[in-house]
Amino acid sequence: MLKDVFGSFGGAYVPEAQLKALKELEEVFLKYRDDEEFNAELNYYLKDYVGRQSPLYYADNLTKACGGAKIYLKREDLNHTGAHKINNVLGQVLLAKRMGKKKVIAETGAGQHGVATATVAALMGMECTVYMGKEDMKRQALNVFRMEMLGAKVVAATSGTQTLKEAVDEAIDAWVNASDDTFYVLGSAVGPHPYPTIVKHFQKVISEESRAQILEKEGKLPKAIIACVGGGSNAIGSFAAYIEDSEVELIGVEAAGKGIDTPMHAATIAKGEPTVLHGMKTLCVLDENKEVAPVYSISPGLDYPGIGPEHAYLNEIGRGKYVTITDAEAVEALLTLCKTEGILPAIESSHALAYAMKYAPTCKPEEAIIVTVSGRGDKDVEAIADYLKENQ
Ligand SMILES: *Cc1c(COP(=O)(O)O)cnc(C)c1O
């Protein structure tokens, strides 16, 4: 077994067959992480294809509406494909190319990571298969079609609840059986070592940019960074460059769904217990039989029963603070950002915004906070309309 990498969390709790593929991945990652040519190629695509760097936008209207700290938005919603996920996918697919792999596979929940992977596979001329829960395929039929338009094959995961958890299980199985010519592009800062470390590495561009941008605009570091947490990739990428800056508060926002005292939530840090899921030791929402429980959020990107092991660790040592926001609060924040700034954020990102709207008034006007807008909300318009119809 590889070493535990984040205090008592992380590690690689996998069968022997997977360990070999993970070891190979770790070696390649370590070889190319600081390789000049690799990084030049990655940066080329991040700039000319994804559209980086993403703006750090001072939301003056929102700041005035809330009172208190100046609110800055890190605009990952402006990336090609509409979210932060492509930062990580590009990095991993370029690694796959260096390894001589011809095919990539990925898991997807609502389809966002699947779309990002299908996009980069098309760009790089690689064969792409996406595993998606059968239930999710029904709910997100448009994203299934979108992936197919991009040339990917979408395979239904039919075990268990037929959602994201099973899609990951089936993608890992498929990978282990075909790892000679296939690379597994994992979509969040989760899974066995070295995936959480790799995903953080490719998402830390968010905070490397925002740190330089805020220093230029404000001449000092922000009081807090606020990001939503599903598996935790946009959050760890948003935090990474500030972890050593103890004066900067790192705040992760989990989905409280219909409330953390109901079974309808996805608040892993608030309600989770240590367990092994998808090859990592982490906190996880469990049922009374200590089995992984179904989780719920209005955000398709936040309903993962576990959390990236580094977040479990940052919480344990007190470096990160983790809070929860309900469906209702997230929807209200989404509508507020639309009306005050003309920006339609993803419902996932709206969890971070909702907490920022509560937090800013507790700060002084000369302080600044940064909220990561992890994605755009075009994909959520129908769900918001349904929600408002049901909750008038
Ligand atoms: C997938 C997704 C998330 C949640 O994933 P993390 O790995 O926690 O970042 C958040 N926001 C958007 C827009 C997403 O697509």
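Going from the start of the chain as shown, residues are counted 1 onward.
In case you wondered, yes, glycine gets a Cβ from its N, Cα and C as well.
Automated prediction, rather than curation, is the source of TrEMBL annotations.
These figures come from a predicted structure and were not determined experimentally.
According to TrEMBL, the feature domain 'Tryptophan synthase beta chain-like PALP' maps to 51-375. Summarising the annotation, TrEMBL assigns N6-(pyridoxal phosphate)lysine to Lys85.
In sequence order, Gln112, His113, Ala116, Gly187, Ser233, Gly375 constitute the residues six or more apart from the residue listed as 'N6-(pyridoxal phosphate)lysine' in its chain with CB-CB distances below 8 Å.
Secondary structure at the residue listed as 'N6-(pyridoxal phosphate)lysine', taken from DSSP and collapsed to helix, strand or coil, is helix. Looking only at the domain 'Tryptophan synthase beta chain-like PALP' (51-375), the predicted model's pLDDT averages out at 96.
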